[in-house]
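Below you'll find the structure, written out as structure tokens, and then a few comments.
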Amino acid sequence: MILIKNGHVVDPQNNLNDKFDILIEKGEIKKIEKNIQPFPGCEVIDAEGKIITPSFTDIHVHFRDPGQIYKEDIESGSKAAVAGGYTTVVCMPNTIPAIDDVPIVRYIIEKGEEVGLCRVLPSAAITKGRKGKELTEMALLKDAGAVYFTDDGAPVMDSFIMRKAMEYAGSLGTFVADHCEDLNLSQNGVAHEGELAATLGLPPLPPEAEDTMVARDCILSIQTGMPVHICHISSKLSVEIVAWAKAMGAKVTAEVTPHHLYLTDEEFLDFSCIAKVSPPLRSHEDIEATRWALASGIIDFVATDHAPHAHYEKMQDLQACPPGMLGLQFALPIVLELVKKDYFDLNRMVEVMSIEPAKKIGLKPPQIKEGEIAELTIFDPFETWEVNEETILSKSKNTPLLGRKLTGKVKYTFFKGKIVYRD
Ligand SMILES: [Zn+2]
């Protein structure tokens, strides 16, 4: 038995936003009350000054397994996930080979279960080999356990294929998610097109590359009546387009990454590849737009786009180095900072980190409620920690945050009633 004492419990699903004790017996939440007395044989967790919420769900991670496990694998990725307070993650299909066939879908699920730290679910590719030409066997892939479809890392450039994919996935009761980037507009761009890229002479990547594809997807969704999910939205105009589409009644949802909520293109000031990510880090104005959109619900939730790369890959020149950065362990402190700066409250934080992403993939979100299996995250909102080689649990260490301090630290993560992470 575990007794969690004096934590501030936040779960808008159960109108909880106050100090409570939580008693967990055989993995199940037995009692949520003020002042439960400890008894012999029961482990007591002192949660004074800590916040307890339902654990988090991230529908966008790259665990590089199979094919590039020198960057990350399902085990190391799971460790980073639970250290970030997550107990459900969805792997992207840009593995080698791509997740476009039933045995690979099964492999991800089975390996995730074998590691057992959290729920590791696969998405599957929209098109075979993620080449954008021919649809995958969506019905078979869904039956095998793929939770949605995306060619992430690459857009579906052909609008006719995208329309068919939307209709097909929608009719199966799931959805497509698009990495919105018009490759004809992005060319070999690296940095957000703006003053900074011009001053530094960096190859510019215009925001229209994202905006035009977001607009196309929204229009296709309106026209087909089928859902579409916008991956890693990052520009102010894209946010406005999604707001318009939602007002038109489109079944459009959007996610934003911690780095697009927190870092600007100024990370390129030292010409470092560590700042290269797709879509690129943008301007202060774009960041403000995504923050307020997350607060208002125009953006539905946070997804990390956790994208590990080896050190030597990120040491190449700006053109050659692959885009992407880590995210799983930084989402909580970054989103918490937005709470501290009054963009939104703790209830909204739980919605965007836990409830909404779980619902999006058809899962019942974890709840802090008597009779439920404990899936919760306990964090210290004021503990400051340094991002470094030791504190990052991923195999790769690629993040511009290296050497910087963040405030907000996960102390315990419970999955299926068990403690899977303890700081
Ligand atoms: Zn992407």
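Even glycines carry a Cβ here, placed using N, Cα and C.
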Identity of the substrate-site residue among His284, His309 (reference: His62, Phe63, Arg64, Asn94, Pro323, Gly324, source: TrEMBL): His309
Zn(2+) 1 binding, same site as His60, His62, Asp152 - TrEMBL member from Asp305, Asp317, Asp342: Asp305
Asp152, His232 bind Zn(2+) 2 per TrEMBL; candidate in His179, His192 listed for that same site: His179
Set of same-chain residues at least 6 away whose C-beta sits under 8 angstroms from His62 (Zn(2+) 1 binding site): Glu72, Cys91, Met92, Asn94, Asp305, His306, Ala307, Pro308, Gly324
Among His62, Phe63, Asn94, Pro323, Gly324, the binding-site residues whose C-beta sits under 6 Å from ligand 1: none
Distance check against His179 (Zn(2+) 2 binding site) for the binding-site residues His60, Phe63, Asp152, His309, Pro323, keeping those with Cα within 10 Å: Asp152
Lowest local Cβ density among Asp152, Asp305, which the record lists as recorded positions, within 10 Å: Asp152
C-alpha spacing of His232 (Zn(2+) 2 binding site) relative to Arg64 (substrate binding site), in angstrom: 18
